[in-house]
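Residues or ranges marked as active site, nucleophile by Swiss-Prot on the basis of sequence analysis: Cys155. Residues annotated as NAD(+) binding site in Swiss-Prot: Arg12, Ile13, Arg81, Asn318. According to Swiss-Prot, the feature substrate binding site maps to Ser154, Cys155, Thr156, Arg200, Thr213, Lys214, Arg236, an assignment based on sequence analysis. Look at Swiss-Prot and you will find His182 tagged as site 'Activates thiol group during catalysis', backed by sequence analysis.
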Amino acid sequence: MTVRIAINGFGRIGRNVVRALYESGRRAEITVVAINELADAAGMAHLLKYDTSHGRFAWEVRHEREQLFVGDDVIRILHERTLADLPWRELGVDIVLDCTGVYGNREHGEAHIAAGAKKVLFSHPGSNDLDATVVFGVNQNQLRAEHRIVSNASCTTNCIIPVIKLLDDAYGIESGTVTTIHSAMNDQQVIDAYHSDLRRTRAASQSIIPVDTKLAAGITRIFPQFNDRFEAIAVRVPTINVTAIDLSVTVKKPVKASEVNQLLQKAAQGAFHGIVDYTESPLVSIDFNHDPHSAIVDGTQTRVSGAHLIKTLVWCDNEWGFANRMLDTTLAMAAVGFRLDASASTKL
């Protein structure tokens, strides 16, 4: 069965989802039937074809009126501001990938379903009242047909959760801290300008800028046992893509750095293949651009202090890796089937 999807919001994640769909060879499994975006069709086509981070798209892209052509495929373009006006029922949409970054609570998800979609996948953590939050590779097997409104968590949550699980399963995590070293994003300023966050009034290309993060909450949403045992901070740096995460955890069992690396390398080659990668090459952030993994462990940076404090450095392409996980989760949601009785919903 080919899953019929619509994309709401054609920004960084929305466009990368389309690119990843074609580049990963999963077009036979997923069809994009419509994209809803307030920008005009010419701009949508241009930014899909040409991308500063990811280069030129290999497929032919063109537009005619309100249709986007990717190769031989025709995708309907919509410009609806109100979720209730979206024609998902008319288009036979199975799953909406809401990539706006604006919508993300149960009411928004129900609006997509009322418009005719069978399920909704948000491209950010969303509110606590959703049916499920999925970090693919860790908990997607808990999805059920009645989980209709789902979050794909965040790029940084997808990056760090697999590593936390591996370390906890092996050594028993007592507590931890996380520092996200994140590329600049489009909620920052090119030159100094007004913003409600005074640090983000400053030019993104000229400073390392501390920002708020909900990553600790994202960790405990997946692993409730770590409530009040993880803290996180984040800084934005003057690069346009790729993120590094500094993870420090205290563990119950004594361990050596070489043992930590052996564990993570084995997982990358085995149970977490395709989700986690491992390297000991002397690489820098740009070398991970366009990497489809959720997490790439840099074994050269692993440290252990006092046998119980582990520090690791984990890289991710915060756009491309996450876009690939959106596709993975979409297929997982479709694989468990569609149960349309809203009263049967049970929270994951």
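Any Cβ shown, glycine's included, is placed from N, Cα and C.
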**OP:** For Lys214 (substrate binding site), just count the other CB atoms lying within 10 A of its CB, please.
**Re:** 15
Subject >> Chain-internal residues near Ile13 (NAD(+) binding site), provided their CB is under 8 angstroms and they sit 6+ positions away >> reply: Cys99, Gly101, Ser123, Glu319, Phe322, Ala323, Met326
**OP:** Report the member of Ser154, Thr156, Thr213, Asn318 (the binding-site residues) whose C-beta atom has the most other C-beta atoms within 10 angstroms.
**Re:** Thr156
Subject >> In sequence order, the recorded positions (Arg12, His182, Asn318) whose C-alpha falls within 10 A of Thr156 (substrate binding site) >> reply: His182, Asn318
Original post:
Just how many other Cβ atoms lie inside 10 Å of the Cβ on His182 (site 'Activates thiol group during catalysis')?
Top reply: 23
Subject >> Euclidean distance between Cα atoms of Cys155 (active site, nucleophile) and His182 (site 'Activates thiol group during catalysis'), Å >> reply: 10
**OP:** Inside 10 Å of the Cβ of Arg236 (substrate binding site), count up the other Cβ atoms and send me the figure.
**Re:** 22
Original post:
Counting every protein chain present, what is the number of Cβ atoms, excluding its own, within 10 Å of the Cβ of Arg12 (NAD(+) binding site)?
Top reply: 23
